[in-house]
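One structure is given here, and the rest of the page talks about it.
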Amino acid sequence: MVSNGTLGQTCPHPMKATSNGVFQGDSPLDFALPLAILQICVVLIVTRGLSVLLRPLRQPRVIAEIVGGILLGPSALGRNKDYLQAIFPPKSITVLDTLANLGLLFFLFLAGLELDPRSLRRTGKKALAIAMAGIGLPFTLGIGSSYVLRQTIAKGVNGTAFLVFMGVALSITAFPVLARILAELKLLTTDLGKMAMSAAAVNDVAAWILLALAVALSGNNVSPIVSFWVFLSGCCFVVCSFLIVPPIFKWIGKRCHQGEPVDETYICATLAIVLAAGFVTDAIGIHAMFGAFVIGILVPKEGPFASALVEKVEDLVSGLFLPLYFVSSGLKTNVATIQGLQSWGLLALVIVTACAGKIVGTVTVSLFCKMPMAEALAMGFLMNSKGLVELIVLNIGKDRKVLNDQTFAIMVLMALFTTFITTPLVMAIYKPAKGGSKTDYKHRTIERKVSNTQLRILTCFHSSRNIPSIINLLEASRGTDKHEGLCVYALHLMELSERSSAILMVHKARRNGLPFWNKGLRADSNQVVVAFEAFQQLSQVSVRPMTSISSLSDMHEDICTTADSKRAAIIILPFHKHQRLDGSLETTRTDFREVNMRVLKHAMCTVGIFVDRGLGGTTHVSASNVSYSITVLFFGGRDDREALAYGVRMAEHPGIRLTIIRFRVEPGSLQEIVMVETSADPAAKLILQDDDFLTEFKETHSKNASIAYEEKSVRNVAETISIIGKLNRCNLFLVGRTPESEIALALNGSNESPELGPVGCLLTSSEFSTTASVLVMQQYYEKLSSD
């Protein structure tokens with residue numbers, strides 16, 4: 001054993017990679033690979049668990065990861081030396097740090113990949129002024145606080161490097177964290193959100209430049225000549241990269257075609273270039289992540305190549321390796337080092353300095369730019385959010401011996417506090433004015449007194465799978481005889497995940513309603529846009545594709561708000577099941593059912609749930625080739641009247657045959673049907689409304705050869721199901737969600753899908769054989785929620 005120069009102490013044995021197993025006497029915790037696996041599992045369990053706990057507070061996941069890292073470190077669980085020695089022994093830290101920095105390297109590559117340099121050139125003067133104020137004042141105050149810290153707890157550190165590190169740490173705005181907060185608060189596409197994102201992007205780039213300067217100054221060699229050479233070499237690397245790398249990626253981009261899989265060779269070559277760039281910048285003396293970030297910026301953003309890179313790398317990096325970086329930071333953070341009145345006073349000083357610099361500087365310039373006070377304050381709090389970039393700065397400072405343990409702990413707590421308060425403060429101060437229901441928003445239903453008015457439809461979809469059927473449904477709905485025609489808003493529903501790409505896609509959505517996918521961010525994007533554009537041109541229907549990216553818990557708010565702002569008469573939602581090749585319905589995601597249920601409850605217009613069984617096939621059927629048989633099952637009630645009103649509009653299309661089947665209960669057979677308790681007067685009133693509606697319908701359309709009306713008398717449920725079964729060869733069923741009829745309610749067996757109602761459940765059950773799609777209608781009624 002080699003002595004390390006201190007009596008009684010020896011160098012620890014290097015850890016072997018894998019063990020021979022417990023049966024051969026090896027403890028897995030003494031070997032690098034099984035210990036690293038255990039560490040990763042512990043980190044994921046703790047950080048994901050905290051993320052779930054903090055979700056009701058609408059906190060970004062970075063908060064859970066920072067807190068999780070601190071809890072696993074010496075500040076909390078690490079106080080137990082047995083735990084720390086078993087799970088995070090000193091000999092394993094090198095492996096953990098290596099994995100964490102590898103994840104960080106590829107995460108910074110993704111960050112560069114999603115930062116478009118052209119968007120910075122388009123930044124307005126107002127956003128640029130806010131960004132400069134959000135950097136300048138905090139940087140100056142950071143320099144001032146660095147003098148106080150150097151006189152107290154940071155004696156003997158490299159003065160110049162410490163000054164720059166403190167300035168950078170206080171002036172940073174975390175771009176991905178800010179995007180997540182804005183998306184959670186539904187502010188990304190508002191003027192405030194776009195201004196904040198533009199300012200944060202400028203701030204981000206400036207922070208990286210300042211950080212590169214700080215790293216160059218923080219070497220072990222105190223000679224300024226060395227720092228100068230490091231910084232100069234870094235500049236040369238950037239210049240050479242901008243000259244050499246873009247032609248390579250341009251050549252690769254020409255060989256990656258839209259809609260085709262990207263060759264694995266190009267993905268591997270790009271990742272190799274990222275690693276090589278990281279090696280070069282590390283050899284220069286700047287952190288390896290800078291090289292990866294530069295390469296990410298240089299990858300062209302158009303075409304499928306960038307999208308494929310994100311898809312291949314992001315989940316593994318963000319979900320698995322990046323949390324290790326937070327734990328690596330947590331293991332260096334010991335809150336117990338903050339002791340005594342002086343240390344806690346310095347923590348308060350740093351927090352106040354950081355908040356005051358960001359908020360005062362941003363608010364002052366915002367007010368000077370004639371922003372309202374509430375927006376200016378919200379902008380100040382938003383720009384004050386920190387996150388991963390802050391931890392990167394602090395970790396580099398800790399590794400370079402610029403920040404000692406106490407200063408590092410103070411700065412980590414400052415970053416945690418400033419980010420945590422952002423969401424609640426913005427929610428308390430800034431409440432964007434929501435446009436109330438417009439006074440001219442009269443037509444919230446299909447059934448209306450004046451039938452020749454424009455019909456506005458908000459149709460929603462989750463993926464391109466159902467686009468052909470939706471377009472065919474819209475083609476059948478356009479009512480060729482109507483004077484004002486059809487106006488369609490196609491809303492692409494995307495879940496707001498923790499993936500930075502999903503968050504930043506929201507920022508790319510333009511306010512005029514054009515979808516972000518026009519920029520080629522997704523492989524299937526062109527198919528969607530081309531399909532709707534072709535339908536608009538061929539059918540002379542006004543179609544506006546839009547995008548909503550929100551968490552599933554409040555996705556219904558986006559749908560209802562959009563329908564209200566666009567004055568839609570009906571919202572068409574996709575059913576949470578799709579048809580398999582054998583014809584059965586398979587559940588895609590059950591949480592989409594909850595979204596549909598909340599829309600049914602809160603929508604201020606009619607809602608239809610579309611069960612797609614391939615209406616019209618897999619392609620758009622042109623108007624001249626439309627040949628559909630549509631059946632309305634009428635039991636009674638406002639929802640059935642709405643379904644019939646929609647069917648009548650569809651029947652105006654020359655290629656559609658409409659059949660209305662009204663079910664009546666034979667007198668004397670009610671004892672065979674389970675009765676529903678209801679007061680006599682409302683029931684009689686509903687029957688009267690149905691009779692009046694049908695009488696008017698028959699008078700108006702008695703001479704229309706494409707419409708057939710029949711009445712069927714039934715005695716029990718079996719007869720009803722038998723009659724419906726004979727109609728299974730039609731293309732589309734239109735039914736009401738809550739029919740006002742005992743016999744219809746008696747159809748409800750398992751109640752597997754309450755959002756479809758009893759008749760809809762029957763038509764989608766595995767026992768009922770049909771290839772027809774189903775549209776279940778719920779008519780808007782002002783007292784619906786109270787009922």
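Cβ from N, Cα, C; glycine included.
In TrEMBL this protein carries:
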type	residues	note
DOMAIN	49-426	domain 'Cation/H+ exchanger transmembrane'
DOMAIN	486-625	domain 'Cation/H(+) antiporter central'
DOMAIN	627-782	domain 'Cation/H(+) antiporter C-terminal'
TRANSMEM	31-50	transmembrane segment
TRANSMEM	62-78	transmembrane segment
TRANSMEM	98-115	transmembrane segment
TRANSMEM	127-149	transmembrane segment
TRANSMEM	161-183	transmembrane segment
TRANSMEM	195-219	transmembrane segment
TRANSMEM	225-245	transmembrane segment
TRANSMEM	266-299	transmembrane segment
TRANSMEM	344-369	transmembrane segment
TRANSMEM	376-396	transmembrane segment
TRANSMEM	408-430	transmembrane segment
Candidate ranges 62-78, 98-115, 161-183, 195-219, 266-299 - greatest C-beta contact count to the transmembrane segment (127-149) (under 8 angstroms):
161-183
Mark yes when the transmembrane segment (98-115) and the transmembrane segment (266-299) have three or more Cβ pairs under 8 Å (sequence separation 6 or more) and no when they do not.
yes
With pairs 6 or more apart in sequence, are the transmembrane segment (195-219) and the transmembrane segment (31-50) linked by at least 3 Cβ pairs under 8 Å?
no
Examine the transmembrane segment (408-430) against the transmembrane segment (31-50) and state whether at least 3 Cβ pairs sit under 8 A, considering only residue pairs 6 or more apart.
no
For the transmembrane segment (98-115), distant same-chain residues with Cβ under 8 A (at least six beyond the ends):
36, 175-176, 201, 204-205, 271, 274-275, 278, 288-290, 292-299, 301, 306, 309-310, 313-314, 317-318, 320-322, 324-325, 327-328, 388, 392, 500-501, 504
What residues in the same chain, six or more past the boundaries of the transmembrane segment (376-396), come closer than 8 Å to it by Cβ-Cβ distance?
60, 62, 66, 104, 107, 130, 134, 165, 168-169, 172-178, 181-182, 192, 195-196, 199-200, 203-204, 207, 211, 214-215, 218, 287, 289, 322, 325-326, 328-329, 332, 354-355, 358-360, 362-363, 366-367, 403, 408, 411-412, 414-416, 418-419, 421-422, 425-426, 429-430
